[in-house]
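The next block holds one structure in the form of structure tokens; read it before the comments.
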Amino acid sequence: MDPTKIVRRKSIISDSKTSHVHSHTIKTPIGEQPKVGVPKYTRLSVDGPIECDLHGFQLLNSPLFNKGSAFTLEERDAFGLTGLLPPVVNTLDEQVERAYSQLHYLKTPLARNDFCTSMRLQNKVLYYELVRRHIRELLPIVYTPTEGDAIAAYSNRFRKPEGCFLDITDPDSIDERLAAFGEAKDIDYIVVSDGEGILGIGDQGVGGVRITIAKAALMTLCAGIHPGRIMSVVLDVGTNNERLLKDELYMGNRFKRVRGAEYDEFVDKFIQAVKKRFPSAVLHFEDFGVTTARPILERYRNELPCFNDDIQGTGAVVMASMTAALRLSGRELLDSEILIYGAGSAGLGVADQVVSHMVIHGSSIENARTRIHCMDRQGLILDNMQDSTSPAQLSYADSADEWEGVNTRSLVEVIKKIKPTVLVGCSTQASAFNEEVIKEMYKHNAKPIIFPLSNPTRLHECTPEDALKWTDYNALIATGSPFEPVNGYVISENNNCFTFPGIGLGAVLSRATKISRSMISAAVDELAAGSPAIKHSKAGLLAPLEVIDETSAKVATAVILKALDQGLARVEDEESPEGGKVTVPRDFEGCLKWVKSQMWKPIYRPMIKVEHVDAIHTHQY
Ligand SMILES: NC(=O)c1ccc[n+]([C@@H]2O[C@H](COP(=O)([O-])OP(=O)(O)OC[C@H]3O[C@@H](n4cnc5c(N)ncnc54)[C@H](O)[C@@H]3O)[C@@H](O)[C@H]2O)c1
Ligand SMILES: O=C(O)C[C@H](O)C(=O)O
Ligand SMILES: [Mn+2]
């Protein structure tokens, strides 16, 4: 960059004594702020230079702005960094290479996870570029499955806080705690958990904050949500995890989970505070417990743009893989029988999504429901189990009369009678799909569709290798965690990371008033349409991780077009950052191009020193 430019701009700003003067045009994407009035994050524009009033150590310690050894000589001069850095100026490529080789000195996945966490807290651009370039290798480090171990060890490995901590003993402070992250137009996306149902490892108390951080990081990595406009929140309502309650280092509230009215009021206060403080933010619920996830979603789904990732994100990715697998096996969705093993948040989310999809494709709700069969701890869910099952489970109950004399606790016996086309595992029961089970599926299907989804890896109901071996390599498999290919068959990860980023981005960019079932179905169809297995049977049911940003952009486009179609989008009521109203192209390709132009990318942008930017300096800086 031409150093004189910096000086000139600097003098313009300091002469005017205001932060609102721009001597250049910064193109701000929709996720960021208009120039005047709410200047907050304008300096983080995607295309233009960043205005920054930080200096010296303050700047080096601000992960959103820090470039480390990549600060140019002119920037070092302007920002008081010259004596704080060795003389060589590195490129981002060189930094990524160095970081990647440092990572490889570390031998365990958890040590690598720690390294990546530090990197995220030091330099966001470098972190996201490092993970993006090595996504297949590093996603399992920063996300499922390693993140599960990091969560379980949260209080022991803790170094630096990330996220927002809301405490049930102090409900009146919710707004004050959220305020540290900004005001109305500062936040696009919030991930929240109460830590009760983390992956398949259950109650992790305050450590659940890390799943919200991991999911938020994926929103940036896979969907280009600006890393400074996203928030991770944990609701600390206690924990029932005895190990944590006894652990001297445990950092959360050391009492049993608060339940009932007090819990509901706390959640409600949080929701109302979000609606007031961040009215355009999309809220993502993650890893709530099996008894709270669904009621919370039902209570708020029409009140603000929100979705539950375990229910809807999982339902959507499974439905998309199922669509692709059915096509490969020559079966029709409406003629299929689906057996869901483990009818908790994820299992019932899958069931709901299948019903919703069947209805969209011409079935009645009643007929669709009879095609779905659920098993849980008590065996097959039957209509005489009112006392032991939830209303949501009961809506998929089979008739007890028809099952008289059959051992409905035995998965094999249930498969014998139903002859399901698809078997989905969300039970957290490792090895539940044993050889007998898989072979029984194979008896009834030339290409059985088998999705063991329980995370982390060790809890999968079967391994892809076994399922393929036991079916002479005919099973169509997708898993919950990453697996290596088996005999040339790519194993798709049926993880909700293929859906929540695109659904979330679509809801953010359309400024959706709510996230409707049709918006989620549009995401499913788009994801299924991109299945590589349709062209090559060994290629995997979902598009590969390497193109996940492209996949998310397409999913977001489908979601936006549906939101506009249903009158649920507010984006065209808004002022565009360049002035005038925003107009979203209605054709898919045009809209996709617009979506991509809004996505944040991990590149270094030139930085301009200004005296003062009227923006809050949250921890995120
Ligand atoms: N791949 C993905 O994207 C994805 C998404 C969400 C959840 N998951 C995984 O799915 C699993 C379940 O998650 P969840 O959020 O639904 O949890 P959950 O606790 O809501 O559901 C688990 C269900 O399994 C049932 N179960 C327990 N033991 C059983 C048994 N022996 N037989 C049958 N059912 C049994 C439980 O009663 C419960 O209803 C976890 O391992 C989670 O990591 C994967
Ligand atoms: O976090 C994941 O990897 C997927 C899912 O949300 C889960 O809870 O297992
Ligand atoms: Mn989850």
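Backbone N, Cα and C define each Cβ position, glycine as well.
Annotation source TrEMBL lists domain 'Malic enzyme N-terminal' at 120-301.
The feature active site, proton donor is assigned by TrEMBL to TYR143. Listed in sequence order, ALA214, ALA217, LEU218, CYS497 are the same-chain residues at least 6 apart in sequence whose CB falls under 8 Å from the CB of TYR143 (active site, proton donor).
Among the features that TrEMBL reports, active site, proton acceptor is placed at LYS215. DSSP assigns LYS215 (active site, proton acceptor) to a helix in the three-state reduction.
Under DSSP, ASP310 (divalent metal cation binding site) is assigned to a helix (H, G or I) in the three-state scheme. Counting only same-chain residues six or more apart in sequence, the Cβ atoms lying under 8 angstroms from the Cβ of ASP310 (divalent metal cation binding site) belong to GLY197, PHE285, GLU286, ASP287, PHE288, ALA293, SER345, ALA346, GLY349, ASN496. For GLU286, ASP287, ASP310, the entry in TrEMBL reads divalent metal cation binding site.
Under the heading domain 'Malic enzyme NAD-binding', TrEMBL lists 311-564.
For ASN495 ((S)-malate binding site), the Cβ neighbour count at a 10 Å cut-off comes to 24, with all displayed protein chains included. According to TrEMBL, the (S)-malate binding site annotation covers ASN455, ASN495.
Checking the recorded positions TYR143, LYS215, GLU286 for a CB within less than 6 Å of any atom of ligand 1 leaves no residue at all. Proximity of the recorded positions (LYS215, GLU286, ASP287, ASP310, ASN455) to ligand 3: a Cβ under 6 Å from the molecule is found for GLU286, ASP287, ASP310. Of all Cβ atoms in the protein chains displayed, 27 besides its own lie within 10 Å of the Cβ of ASP287 (divalent metal cation binding site). Long-range C-beta contacts of LYS215 (active site, proton acceptor), restricted to its own chain and to partners at least six residues apart, with a cutoff below 8 Å, comprise VAL191, SER232, HIS284, GLU286, ASP309, PHE500.
Apart from GLU286, ASP287, ASP310, the divalent metal cation site neighbourhood in this chain, defined by C-beta within 8 angstroms of the site C-beta centre, holds SER193, GLY197, ILE198, ILE211, LYS215, PHE285, PHE288, ALA293, ASN308, ASP309, SER345.
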